[in-house]
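Colleague: Attaching a single structure in structure tokens format; questions to follow.
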Amino acid sequence: MQHLFEKLFRAESMSQEESQQLFAAIVRGELDPSQLAAVLISMKVRGETPAEIAGAAQALLADAQHFPRPDYLFADIVGTGGDGTNSINISTASAFVAASCGVKVAKHGNRSVSSRSGSSDLLAAFGIRLDMSAEQSRLALDDLGVCFLFAPQYHTGFRHAMPVRQQLKTRTLFNVLGPLINPARPPLALIGVYSPELVLPIAQTLKVLGYQRAAVVHGGGMDEVAIHAPTQVAELNNGSIESYQLTPEDFGLNRYPLAALQGGMPEENRDILARLLQGKGETAHAAAVAANVALLLKLYGQENLRHNAQQALEMIHSGQAFDRVTALAARG
């Protein structure tokens with residue numbers, strides 16, 4: 001292990017295998033706090049490479065609790081958090097709407113990073129159990145088209161890094177790992193990142209990790225597809241990556257100010273999204289979810305973004321998406 005420390009302190013990059021070896025030791029609790037802090041800061045200052053991020057993700061996936069992976073096509077829709085916008089839970093709402101559109105979503109998430117209420121805070125407010133077993137979650141995915149995998153339940157090794165992360169009070173590699181370590185190992189993913197500089201590196205990381213098709217997005221300061229500004233996209237499709245920009249108009253949607261997506265505490269967000277998913281919500285909220293669902297549906301081969309957004313809006317207005325929420329809560 002010492003030779004890897006020396007390599008990092010010389011500002012040299014690790015190979016994917018070296019990174020996997022190092023992070024396997026981290027999740028086993030084999031590094032003391034000062035060593036872990038030194039590793040994370042040296043990587044942050046130099047800038048983590050896609051190979052290093054992929055190696056770290058593979059170490060955490062190897063250490064994760066088993067999830068019975070289905071043989072059908074399914075996706076994750078998840079953001080890094082940490083964008084500081086305190087918006088409503090767009091990706092969580094999008095998962096339920098996408099399921100209502102007929103695709104399968106195994107959403108990996110955690111408690112809040114950037115907003116006052118992360119995806120699991122919101123789901124708990126809806127009465128959805130966070131400690132559902134892997135088998136129960138798989139059945140929900142089969143039957144309802146949506147399940148939620150609570151990160152701390154599957155990634156117990158994360159706890160070894162938590163005290164150091166809290167003391168450092170700065171973003172580290174762990175801030176981008178969350179979306180990459182879904183224990184269900186989805187072949188498709190829509191991943192939002194907190195910085196435009198991360199869009200291409202995370203897409204390159206997804207390629208290394210073997211994703212079939214994925215899109216990494218950052219829109220006007222948000223780790224989502226934006227409806228107030230252009231969205232930067234890096235799309236991975238069978239090994240090749242294409243970078244492009246999307247505007248709300250590409251989805252056939254109007255623009256809305258970022259302030260229109262302001263969220264609140266978990267109970268407030270629950271009420272906002274309950275109204276939205278029952279077809280009684282704000283038009284800006286519906287548009288934001290429709291844009292994200294539209295890009296997710298594209299990963300399934302539905303290439304027409306305007307058509308996809310319209311399909312999502314129709315599903316939102318029908319109130320069918322909320323039926324998935326109540327059905328998932330009823331499985332508690």
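Cβ atoms here come from the backbone N, Cα and C positions, even for glycine.
Grabbed the feature section from Swiss-Prot, which reads as follows:
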- Gly79, 82-83, Ser87, 89-92, 107-115, Ser119: 5-phospho-alpha-D-ribose 1-diphosphate binding site (BINDING)
- Gly79, Asn110: anthranilate 1 binding site (BINDING)
- Ser91, Glu224: Mg(2+) 1 binding site (BINDING)
- Arg165: anthranilate 2 binding site (BINDING)
- Asp223, Glu224: Mg(2+) 2 binding site (BINDING)
Colleague: Taking only the binding-site residues Ser87, Ser91, Arg165, which one has a CA atom nearest to the CA atom of Glu224 (Mg(2+) 1 binding site)?
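Modeller: Result: the closest of the binding-site residues to Glu224 (Mg(2+) 1 binding site) is Ser91.
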Colleague: Within 10 Å of each Cβ, count the other Cβ atoms, then let me know which of the binding-site residues Ser87, Ser91, Asn110 comes out lowest.
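Modeller: Among the binding-site residues Ser87, Ser91, Asn110, the lowest count of other Cβ atoms within 10 Å belongs to Asn110.
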Colleague: For the C-alpha pair, I'd like the distance in angstrom between His108 (5-phospho-alpha-D-ribose 1-diphosphate binding site) and Asp223 (Mg(2+) 2 binding site), rounded off.
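Modeller: Distance between the two Cα atoms comes out at 15 Å.
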Colleague: Just name the most isolated of the binding-site residues His108, Arg165, going by other Cβ atoms within 10 Å of its Cβ.
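Modeller: Result for the binding-site residues His108, Arg165: minimum number of other Cβ atoms within 10 Å at Arg165.
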Colleague: Quick one: give me the count of other CB atoms within 10 A of the CB of Asp223 (Mg(2+) 2 binding site).
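Modeller: I count 29 other Cβ atoms within 10 Å of it.
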Colleague: Far apart in sequence but close in space: which same-chain residues, 6 or more away, have a Cβ under 8 Å from Gly79 (5-phospho-alpha-D-ribose 1-diphosphate binding site)?
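Modeller: Same-chain residues close to Gly79 (5-phospho-alpha-D-ribose 1-diphosphate binding site) (Cβ under 8 Å, separated by 6 or more) are Ser91, Pro179, Ile191, Gly192, Val193, Tyr194, Asp223, Glu224.
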Colleague: For His108 (5-phospho-alpha-D-ribose 1-diphosphate binding site), name the DSSP secondary structure in the helix/strand/coil scheme.
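Modeller: In three-state terms, His108 (5-phospho-alpha-D-ribose 1-diphosphate binding site) counts as strand.
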Colleague: Glu224 (Mg(2+) 1 binding site) has how many other Cβ neighbours within 10 Å of its own Cβ?
Modeller: 28
Colleague: Can you tell me the three-state DSSP label for Glu224 (Mg(2+) 1 binding site)?
Modeller: coil
